[in-house]
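Features of the protein shown, as given by TrEMBL:
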COMPBIAS  43-55  compositional bias 'Basic residues'
REGION    22-77  region 'Disordered'
TRANSMEM  244-274  transmembrane segment
TRANSMEM  294-316  transmembrane segment
TRANSMEM  376-394  transmembrane segment
TRANSMEM  525-545  transmembrane segment
TRANSMEM  557-582  transmembrane segment
Amino acid sequence: MSLRSGGRQLSFELLAGAGDLTADDADDISPRSLPDTTSDGQRRRRRRSKRKRGFRSPPIDEAASEGEQPRGEGGGDAAAAFRITDLRSAVETVCESSEPERSAASCVSYVGVELRQRTVSRGERVLAASAEDGASSCGSSTRESAAAAAVAADVAAAAWRPEANGGVKKKLEKEESLDWEKYMKENSNILGEVERIDNSPFSYFLGELYGGNSLRSTIAVGNEKKRQRVYNTMFHVPWRCERLIVAGFFVCLDSFLSLLTIMPARIVVTIWRVLKTRKFRRPNAADLSDYGCFIVLALGVASLQMIDISLIYHVIRGQGTIKLYVVYNVLEIFDKLCQSFGEDVLQVLFNSAEGLSVCSTDNVTFELMRFLLDEAIAVVAFVVHSFVLLAQAITLSTCIIAHNNALLALLVSNNFAEIKSNVFKRVSKENLHNLVYYDIIERFHITAFLLFVLAQNILEAEGPWFDSFLINASLVFLCEVLIDAIKHSFLAKFNEIKPVAYSEFLEDLCKQILNDKPDDRQKDLTFIPLAPACVVIRVSTPVYATLLPAGPFIWRIFWILLWSVLTYFMLAIFKILVGLILRCLANCSEKIISCGA
């Protein structure tokens, strides 16, 4: 940077002339030339504001006012040649004089060092500007130049000291912090004590021995929630699920006994009333529903009577073991399809019965035809369902009687296929509700199949057979209970369903038993005992036939009626006991559940 006025002396010439001052001259310095704190502060603020605005005020030509030599024309060239080395030489000349001058020179030296650092970091342009500021601050006399140099030193120190702005210090600290090797040498234990690992097998074994179980390092430690989840899977869900299935089983049994006892009694009472009054009245919806169910039951039993059970038995027994349980699984699938379709068919039949009972005289023919059509569809549907159940019972009987572990293969394949098809699926609470009801109906169907096996053993078995029958029947029931427990435990675990859900299902079942919710039938256990009743009647008829004595036809009719009445009374008593027990248990369970809630 070139000097602004060429007629002014350079700062190093002033510093060089300061060496000719004597001590006496130093004593004659006026107080006006000494630096003042207030003026220094004002001068500093003035310079900072000027630097911020980007221009310099013209320096005061103190040398010209005191009669010093005017600047030459070549001042710009001399300023261009101004360097730090010249400044240092001028400072050394000044420092050879008196103590005040030495102190001023030391300040100027400090300014030179700062200027040099500034030159390195900011460039020669900034250094020339600082040199010009330092030169302009010097006076004509040596003491004034020393005072100006001190002021310039204070300004430079305040402006460019590393502690003032923190830029250089932060940069140096950052560069030192990035020196990873130096940092690791100084902090060798930053990652903990590093010991040399002995790679010998014995040392490795000892390390594993004293290090504890390796599974603990791979499995997180559980909490009370995990503990409760384990207990739910092992104890709470199986217990509540089995309690619900047992209660539902007795509900199905009550419905089955009602079909065999209440429905015939209602039909007999209706016929007796017509014969007694000799007046035919249009039956109501309940009576028409009873007539329709009785017709379906009678035609279903008659259709199954025409089927040769021994022929089907030998056809199924002639198959291999693998084909045997495949046939059973196929029949089970058709059983569930027939259950779903039979429910819809029976609802349509009851709707037709209600429409026929309340229709006007003009629409009687139409309603009657629709009722008969729905009755025919119901007969076909339940006859097919009865045949499916009969074939399934014959297959189970074949597996039990066979001596090649066919029953075990059947149970393993069927039950674990059921687990595979249900456990690993996302199931909602409503779907789980329906799934429990399917398991209840399946449990009742298995009971009907075992009754069929018992009847077949009574008719055809030779030698001691009852012990083996009990063992096989117990095995079938235990496997069914175990598979249901496993299935529902893991369904509840995978779908995060709490055991209290099964208590809610039981509460709905208790309300169904007590008829507390006649308007809400969506959560009821829907069991249609028509097809199982057809199978049981079909397999029990030959057993009763063996009890009839030989004799005339009228005598045989008498024994048939006698056994029928005895059987009916036995079933009626059983129905009363089951119904009363169910009502008592429903009341107790509802109170317990309400208290627990």
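Glycine is no exception: its Cβ is also placed from the backbone N, Cα and C atoms.
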Top partner of the transmembrane segment (376-394) among 294-316, 525-545, 557-582 - counted as Cβ pairs under 8 Å: 294-316
Same-chain residue ranges lying at least 6 outside the transmembrane segment (557-582) that approach it to Cβ under 8 Å: 247, 250-251, 253-254, 257-258, 260-262, 264, 513, 544, 547-549
Long-range neighbours of the transmembrane segment (244-274), counting only residues six or more past its ends (CB under 8 A): 280-281, 283, 286-287, 290-291, 293-294, 297, 436-437, 439-441, 443-444, 447, 484, 502, 505-506, 509-510, 512-513, 525, 527, 529-530, 532-533, 568, 571-572, 574-575, 578-579, 581-582, 585, 589
